[in-house]
Amino acid sequence: TCSLLFTGSTVGSLVGTILLERIVNFLGQFYPSLDQHTYLPAVSFFDRLFTKNVLAALPYGVGHSPSKARFSSLVLGGLLHPLFFIVMGTARNYPALLLAYAIAAFARSFWTGEHLNFYVVSTPKKPLGVLLGCWCIGSFSAPLVCQTLMAEGILWKHFYLGSLVISAIALSLTIFSFRPTRNEFLADRKAALDAIQIMPSAHIPGSDTMIQPFHEGKVRGSSTRPLLLALSIPYQWAFSLFAFIYSGSETTFQGFIVTYLLTNRGSSPDTVGYVSSGFWGGMAAGRILWGYYCTGLTFTQRKHVIHACTGVSFLMTILIWFVNSTIENALSSAVVGLMYGPIFPGTLGLCNDVLPGDVHMVSMAILTAVASAGSAVLPFITGIISNKDGMRVFCYVTVSQTVAMFVLWLFFPSSPPVRVSSSA
């Protein structure tokens with residue numbers, strides 16, 4: 001039954017991936033002809049809340065603000081994810097747990113979507129590894145705290161309800177960190193106005209600029225071309241397949257290692273939960289180290305480091321398979337986490353270096369969506385197999401997944417390919 005929870009994650013991730021672009025585009029709408037910033041989307045339902053001049057702005061079109069879309073989508077995810085804790089803490093039946101997992105996966109799609117990852121990668125220090133490392137610190141702390149509370153006789157449901165405090169803090173920090181600044185608004189407004197063809201027949205209120213309304217077909221056509229271009233590149237499919245296997249392997253390992261140790265190693269229920277914390281602690285360290293030091297590495301060095309990480313992970317899964325020791329298995333789990341840490345941010349970085357610049361944003365969106373699908377589908381398949389053959393299949397699955405990553409990574413280039421103009 002535990003494997004069925006990944007079905008909820010699969011559904012939530014799938015729905016989030018399908019709806020993400022439409023929701024983000026809706027949240028980022030604004031009137032570029034008005035010198036006024038608002039967090040509400042520029043649709044007729046909210047027109048009366050904007051300004052008395054909004055009717056004068058309507059004929060001149062609606063623009064898209066990336067900073068507003070990024071902020072609104074992150075806040076929406078921050079508002080939806082606490083529902084997961086509420087449902088988990090109050091659930092009285094198994095369908096409610098499935099719903100909770102679906103809500104959590106849907107909310108995460110707004111945090112791991114193209115705008116946030118592309119924004120982080122585009123900053124000067126490219127701290128994507130540090131960002132994902134901080135994510136892992138939370139994953140390290142949660143099972144540690146939960147295991148401690150359960151050892152004290154506190155119901156696990158209280159852990160989820162108490163986590164609502166963390167959700168409130170996270171939402172506050174998100175609002176403080178990502179709220180659009182005046183300069184970002186002006187930059188988005190200028191870009192939107194520049195996209196409007198200049199004509200002598202229309203006038204922007206409060207200025208001398210003459211503009212023509214947006215032609216929706218042109219905007220829509222220009223946004224679909226990068227997607228088609230990205231999907232036509234073989235390396236896009238190769239990186240997506242690698243991300244699918246990696247993310248599925250990561251979720252499978254951390255989701256089943258505790259169950260494996262309980263059923264096949266006879267570990268103590270009071271302490272086995274700390275193994276999961278060791279895995280996430282190792283991953284947090286690996287990603288933070290990668291975030292700090294990857295900028296000093298060449299393309300070739302980064303490629304070889306990730307390849308070595310997959311090789312060491314394979315050796316650790318072999319040790320878990322053949323060494324019947326809870327302590328050793330826990331140590332190997334921490335090393336696997338350490339080695340897994342750099343893989344995903346490193347894959348995103350190398351993918352950006354290999355693919356043309358005009359598909360970077362949509363490419364990152366595809367990679368993230370495929371990785372989310374992998375983290376839902378592969379653990380679900382593992383759970384189905386384990387229901388028939390027992391938890392001994394855990395080792396077979398993790399070893400085969402690390403081998404698949406090691407072999408697939410051999411086919412990626414060791415140096416950046418020569419860029420060919422996409423317009424050629």
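Every residue, even glycine, has its Cβ placed from backbone N, Cα and C.
A quick note: this is a predicted structure, and the numbers were derived from the prediction, not measured.
Residues or ranges marked as domain 'Major facilitator superfamily (MFS) profile' in TrEMBL: 236-424. Averaged across the domain 'Major facilitator superfamily (MFS) profile' (236-424), pLDDT in this predicted model comes to 87.
Annotation source TrEMBL lists transmembrane segment at 69-87 (among others).
What TrEMBL records for 94-111 (among others) is transmembrane segment.
Proximity of distant same-chain residues to the transmembrane segment (127-146), defined by a Cβ-Cβ separation under 8 Å and at least 6 residues beyond the stretch ends, is recorded for 117, 120-121, 156, 159, 163, 254, 273-274, 276-277, 280-281, 283-292, 294, 337, 341-342, 344-346, 348-349. TrEMBL lists 127-146 (among others) with the feature transmembrane segment.
Beyond the ends of the transmembrane segment (158-178), by six or more residues, the same chain brings 70-71, 74-75, 78-79, 81-82, 84-86, 88-90, 142, 145-146, 149-150 to within a C-beta distance below 8 angstroms of the stretch. The transmembrane segment feature in TrEMBL is assigned to 158-178 (among others).
Same-chain neighbours of the transmembrane segment (237-262): 2, 6, 139, 231, 269, 272-273, 275-276, 279-280, 283, 326, 329-330, 333, 336-337, 340, 343-344, 347, 350-351, 354, 363, 366-368, 370-379, 382-383, 386, 391, 394-395, 397-398, 401-402, 404-405, 408-409, 411-412, counting only residues six or more beyond its ends whose CB sits under 8 Å from a CB of the stretch. Annotation source TrEMBL lists transmembrane segment at 237-262 (among others).
As annotated by TrEMBL, transmembrane segment applies to 274-293 (among others).
Positions annotated as transmembrane segment by TrEMBL: 305-323 (among others).
Residues 117, 121, 126, 128-129, 132-133, 136, 239, 242-243, 246-247, 249-250, 253-254, 257, 261, 274-276, 278-291, 294, 299, 302-303, 305-306, 309-310, 312-313, 316-317, 319-320, 323, 364, 367, 371, 405, 412 of the same chain lie 6 or more positions beyond the ends of the transmembrane segment (330-350) yet place their CB under 8 Å from a CB of it. Per TrEMBL, the feature transmembrane segment maps to 330-350 (among others).
Residues or ranges marked as transmembrane segment by TrEMBL: 362-381 (among others).
Among the features that TrEMBL reports, transmembrane segment is placed at 393-412 (among others). Residues 235, 238-239, 241-242, 245-246, 248-249, 252-253, 256-257, 259-260, 264, 303, 306-307, 310-311, 313-314, 317-318, 320-321, 343, 350, 354, 378, 382, 385-386 of the same chain sit 6 or more residues outside the transmembrane segment (393-412) yet have a Cβ under 8 Å from a Cβ within it.
Same-chain neighbours of the transmembrane segment (69-87): 20, 23-25, 27-28, 39, 41, 96-97, 99-101, 103-104, 106-111, 113, 115-116, 119, 160-161, 163-164, 167-168, 170-171, 174-175, 178-180, counting only residues six or more beyond its ends whose CB sits under 8 Å from a CB of the stretch.
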